[in-house]
């Protein structure tokens, strides 16, 4: 019993000590052929890195304003907007993580311990994973809303927080797997070229997970569009011409929205997925395209910059609130603050009070789930 446990203890100590060994980074980068490429960066940050950092700064600023817009506007304190806020937070963190990644790259890489390297890369995985899982959570929430044809039920908030919590827990686990042991520190032949301390099986696993997420998002949005089309046909069958016409317009708007959402997501992420699959299949130093991974990664990060535009600024009410927040930041005076406290849309408070006192509040078009699904993805439910 003792004889079998001693080697295990030695192996554990060796594994733990490897996380603080600076030579491991050099050894793995040399094996994958990235050592000479990294040496070219000794003289400072490359121009492309500066451009990427500027893009990240824009992404960070953009998502900060989205969070401020949701926080400052009480009518956006609703379950659907919690998902938009969570998406903005994950996109903001993706911008921060990639900026830190760029600043700690190049010659600085060889000054990192494996543990620090895992934290540098793992933070990127966590932020980008949270962003993708947030997109899935938004699609799930919209699909459930369309099925129930209700926006205001008691379970919405708890379901929202449950989905948001699941996004972050799964993302943290996914990003933390390498530092917890799923790496190639003790197996050079299994190392990724793009990420030299990551095991190829882990890269394949992550690519598979993200591909399944993409397919799930595609299926959910197609189902949402199908539900809206079915409702439109029912109205036509009942010869309710005015409602059928409005529903058809919403269906068309929803179709455009779905195409934009899925096209942008695929355009940003598909190149990186393909690159990672090549990474799994190629032997070390055989695929030159793998040494250009930063261009594929920044494209995925760009998705964090397009999300606020697609999910926030295409909504008229959120766009007006967003512009008002930006205006307040540009002109921080008493008048601006006073203006912000007024209704975002003239007459909104008056019309809402009448609706609240009405015996049929559901007939307000703003409460129609179809409105939320069309016209810029998310419209106010009030």
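Every residue, even glycine, has its Cβ placed from backbone N, Cα and C.
In Swiss-Prot, the annotation transmembrane segment applies to 197-224, one of the ranges 197-224, 225-252.
Of the candidates 30, 153, Swiss-Prot marks one as N-linked glycosylation site, and that one is 30. Of the candidates 157, 351, 375, Swiss-Prot marks one as phosphoserine, and that one is 351. Going by Swiss-Prot, the topological domain containing residue 21 carries a different name from the one containing residue 159, and the two residues are therefore on opposite sides of the membrane. From 10, 111, 341, the position flagged in Swiss-Prot as N6-acetyllysine is 10. Packing against the transmembrane segment (47-68) from elsewhere in the chain are residues 84-85, 88-89, 91-92, 94-96, 98-99, 102-103, 105-106, 294, 298, 301-302, 304-305, 308, 312, 322, 325-326, 329: each is 6 or more residues past its ends and has a CB under 8 Å from a CB in it. Within its own chain, residue 184 (disulfide bond) has 28, 190, 191, 192, 197, 198, 199, 200 as residues 6 or more apart in sequence whose C-beta sits under 8 angstroms from its own. On the backbone, the CA of residue 30 (N-linked glycosylation site) and the CA of residue 287 (disulfide bond) stand 15 Å apart. Neighbour counts of Cβ atoms within 10 Å were compared for the disulfide-bonded residues 191, 282, and the top value is held by 191. In this structure the alpha carbons, written CA, of residue 287 (disulfide bond) and residue 328 (S-palmitoyl cysteine) are 51 Å apart.
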